[in-house]
Structures are given as structure tokens and as C-alpha cells.
């Protein structure tokens, strides 16, 4: 027994000795398989150091949403096909399944998420699992579970395993009392949707984990994202995607927002590039953990006028959805993204004319292929 006591003292001395360069972290009790989920006061996690030249191992949660598939394709060009794992709780379409690694991942299942990170040696995690604004209002309890409880699981796994974590935020993180034109990075945030509330929660929790545990948390507040190869997913800005589908398909479009509703928008290529750029930015260049990013700002009427230059036969009508309109009226009209441009060199490529041309070219080509088939 004296030998055991001596060995125990030596082990404790080694763990706390300055010679080892760090103090061994005390893991949250949940990491040890116990309950309740409580983080001790002296816990201290620091992201595993790695050279930027090292090959990243990437996990994307909520990968079958509007942005996940495009992000996976974009990152695979940078890190290699097999180093970017797409995940979701739904069965992927065949083309997604064949394009690279795909696995089942339920962010509400902490053990499952932890096993994926460990078994695949994940270093970067992009957390896209969320219920969007309009869908969230229709199912608040589910939105609360996915957007908040799921986030807690992701934060804990990322902290435990020293990951670099990206969590997208949104224009929906602001509310009617926020300055709207422009909206700065730091101002009052009192959103009126469960989606917005959950995103403010994510921003603050990520920042807390950064300061408290050393988690390398990075976040961008996305404007409305417009993408050619995905269907609208229940967001308030979906009209700006749907108009292109309808213009090419049947020449008629009914908008559910007022014609003068101005919101910040961005083409998906700019969005994906900004996401990678902020993740690759040197830590010392980041003055904050959450940044606004923007590219353009327009109204449904301005978008329709630009589309009409290419599709003059398009008929646009307005049938305002009061729920979505109320949400849009509480959101920023313009984003101030000067900090992102100053700190890590953000610069957008697509303005409204380029956006419209690109979207119509894509859907026009898609329509011609369908007709040929």
C-alpha cells in the first residue's frame, strides 16, 4: 500500500508540474459518463494545436440542409474528398451519398456525436443542424431541442476534443429594437423568434466557452443565403430562391413578403468562401468570435425588376404571409460587416446583377436538360 500511495503522489505531481507545459484538464462529469452534466470550476480546455499545413478532418452536422452539401463539396476541394464527412439524420440522395463520406449523426445523441468525433479523428466541426425561422415558429419545442440542446452537445464535444468549431448565426439574431440600417456587430439583440433566440444563445455560449475553456469557436452571422441547387428550407428569405425556380418553371411568382421589404442577402459561393476564410484566419487576427458578413441588400421588388430584365414575361404578385412579414420587419435591412473586412480581409464577389444572371443560367440549363430528357 505505501508503494501505491507513492505512485499516486508522483502521478499527481506530474500532472500539475509546470515542466509538462500545461495543467491536466478536469473533464466535465458528462465526459466521464456521469450525470448531471456539470462542468467543474477548474475545467480548462484548450484547442489542440496543429499546423495550418496539417490535413484537417472535418465533420458537418445537419449536412442535408441548404448549405451543408455545398459546403462539403467546397471543403473537399480544399482538404480532399475523404477528409470531409457529411452527416444528418435523413437518408441522403444518391448523388450526395456517392460524392463523399456520409454518416448518420443525431446531435441530440451525445454519445453518438462523441463516437463520430473520436473514431474519425475530427479536428474541425461545422454545426449546421437547426430549424429555420418560419419552421421553428411552427414547432417551438422541436426547435428548442435541436437548436439549443443540440448546440450544448456540440459545444461539449468540441471542448473535450480540442476542435475548431464553426456555428453559423443569422440576421434573425436581431430584433425590432436593434438598429436596422445598418446593423453593427455589437448592439442590442432581442429577437422575436425561437430561431433567433437560439442563435443569440449560440453566439454567447460559444464566446463563453472560448473565454472559459479555450474553445476555438468561430461564428458568422449570415444574411439571407441564395443558392441555385437547393430547395427553400422554411426560412423567411426563401422568396429570393423561389423566384428563380418559378420564373423558369412557369413564368409566375407569388411573393409572401411586401415588395418594399429590404433584407441583406448573399450568394452561396460568397457564403461558403467566407466560412472557410474565417476558419483559416489566424487566431490573432480575430478581434471577436462572431462577425456580421454581407454582400448586398435588396427588396422583393428590386429583385423582381432585375429578373424581369432576363425574363420579361414573368408575372409577380404579392400575397403577404403575416408571420413571415413580422419576422422580416424585425430583421436588419443592412449589415455592417466592416470588422470582418478589416480583421480577416472579407470581400464579396457577387452583387445583385451577377446573382440574378448566375441563378437564371443555372435554372435555365436545368430546365433545358429536363425538357431534353
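Here the Cβ of each residue, glycine as well, is placed from N, Cα and C on the backbone.
Cross-referencing 122, 148, 225, 226 against the NAD(+) binding annotation in Swiss-Prot, which names 62, 63, 64, 65, 66, 67, 88, 89, 90, 106, 107, 195, 199, picks out 225. Within its own chain, residue 195 (active site, proton donor/acceptor) has 130, 131, 132, 133, 136, 137, 143, 147, 170, 172 as residues 6 or more apart in sequence whose C-beta sits under 8 angstroms from its own.
DSSP classifies residue 195 (active site, proton donor/acceptor) as helix under the three-state reduction. Least packed by the Cβ count within 10 Å, out of the binding-site residues 90, 199, is 90.
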